[in-house]
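Below: the structure, in structure tokens.
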């Protein structure tokens, strides 16, 4: 009997139609990167210290700058990054009674004298040296004892990712890729604007969870859809290209943040593309593979004919032989099907663990840029440039030497670079930066590869659900990452890097188990037989179903 791959041979496995659809859908990855790591700019924590009404009165009378007032009135303290001005305590004194003059404030009270005076906590908010940049941190005073609320902002997004990827993955497998995608983008548009207009921090967290619910699920649906519209041998290429646009978004983000210094307007800019994606209703067809898996043969045939027409191909009568034998009902497929056989259990557990470690390290390294103290725009841009070669290295290596060695090597390099970077002294700035860039390249390759490996290892009937469920560990990693980074950095700035490196080194041994004998997708009969063995007979009864 005829399979969809046989028909795609005639219609074009990667013709003009698929190129158009893939190009349009790749744009979805750009705003996803904005949302994923936008906290670096939206949650930027500038230099801050306690506000004191007495100091403000003297500063206004004398015409001092913020820095002049800080040097004259804020004591130095030891921290994990060295000696810095106190951020969370102020001197317990009446500044109007000190005799402080306007002429030379730095000579009035020495730091030695300031350090002997009694201290108290910040009771009148904080002063921020942010040069016009407004983040939700400065708006809601999320510093010092409340600094962990910043972690919650990113964790809330990952909670939304976690629930949304499962729910929307299920909807995409049950009701269709495009219906789920369009519904999700409408939801993102509404919740994104609600985030931008949040009146307080509690509302911000609630809307942030809802926003994340749609963003991750919509991105995963797009990934699955474009890989199902092309021939099997092109899935890797379109999958890696889809993720390459994520890296392009990383390059665009610092430019947007530089010209839009207000976090609320930046959120609006993050949301607008998702509203524009609703126009895809007129440009993108449903996945024929999904339609066939749902016994919707006539619809699948019409879409396939349209693909062939756009590709300037002619279909023979072979399309008429697509019968129900090739598209058995899969209504019994469910979450538990991911664990029903030993192979599926192995795939699910190992891929989930690798999603977790990749997310923790990738997010941690990016968010770390916001606390290093340099020019965050330049640092972020450089780190984004480093990501770009990852996609090309993947495409150059996996077709020649397979997935196992590049996947494992990328992870080992990332883990080793994290450990080495932590112990390079700050005086060796360029060496430290170079090693950190190598680590960023490694983790980017590892993260991109786990996505398409996950897609390859599941058959169509549970592919979207399988990818969504495994990627939930990525979201759990996203919940852990901000707390791991920001709280450990308070102890020692380099401590998160050591944890990242150890975490990666431990998880890499699992890769050799997973990729010991990967399916050979270039040999379709063998691949079909392997996929047949993955699912029990109560889910699907023939290998053609799993091969679509």
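Positions of Cβ are set from backbone N, Cα and C atoms, glycine also.
Annotated domain 'Major facilitator superfamily (MFS) profile' per TrEMBL: 110-519, in sequence order.
Counting only same-chain residues 6+ beyond the ends of the transmembrane segment (21-44), those with a CB under 8 A from a CB of the stretch are 130, 133, 135-137, 142, 150, 153-154, 157, 211-212, 215-216, 218-219, 222, 225-226, 229-230, 238, 241-250, 252-254, 256-257, 263, 266-267, 269-271, 273-274, 277, 280, 283-285, 363, 366-367, 369-370, 376, 380, 482. The transmembrane segment annotation in TrEMBL covers 21-44 (among others).
For 152-172 (among others), the entry in TrEMBL reads transmembrane segment.
Beyond the ends of the transmembrane segment (181-199), by six or more residues, the same chain brings 164, 168, 171-172, 207-208, 210-211, 213-215, 217-218, 221-222, 225, 264-265, 267-268, 270-271, 274-275, 277-278, 280-281 to within a C-beta distance below 8 angstroms of the stretch. Residues or ranges marked as transmembrane segment by TrEMBL: 181-199 (among others).
For 205-226 (among others), the entry in TrEMBL reads transmembrane segment.
The transmembrane segment annotation in TrEMBL covers 238-259 (among others).
Under the heading transmembrane segment, TrEMBL lists 265-284 (among others).
Long-range contacts of the transmembrane segment (347-371) within the same chain: residues 36-37, 39-41, 43-45, 154, 250, 338-339, 379-380, 383, 414-415, 418, 436, 439-440, 443-444, 446-447, 450, 453-454, 457-458, 466, 469-478, 480-482, 484-486, 489, 493, 496-497, 500, 503-504, 507, 510-511, 513-514, each at least 6 residues beyond the stretch ends and with a Cβ under 8 Å from a Cβ of the stretch. Under the heading transmembrane segment, TrEMBL lists 347-371 (among others).
TrEMBL lists 377-398 (among others) with the feature transmembrane segment.
Per TrEMBL, the feature transmembrane segment maps to 405-424 (among others).
The annotation transmembrane segment is assigned in TrEMBL to 430-453 (among others).
Taken from TrEMBL, the feature transmembrane segment applies to 465-484 (among others).
Here TrEMBL flags 490-507 (among others) as transmembrane segment.
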Under 8 Å, at least 3 Cβ pairs, sequence separation 6 or more: does that hold for the transmembrane segment (377-398) versus the transmembrane segment (238-259)?
yes
Long-range neighbours of the transmembrane segment (238-259), counting only residues six or more past its ends (CB under 8 A):
14, 18, 22, 25-34, 36-38, 40-41, 222-223, 226-227, 230, 266, 269, 366, 376-378, 380-381, 383-385, 387-388, 390-391, 394-395, 444, 448, 451-452, 455
Mean pLDDT over the domain 'Major facilitator superfamily (MFS) profile' (110-519): what is the value?
83
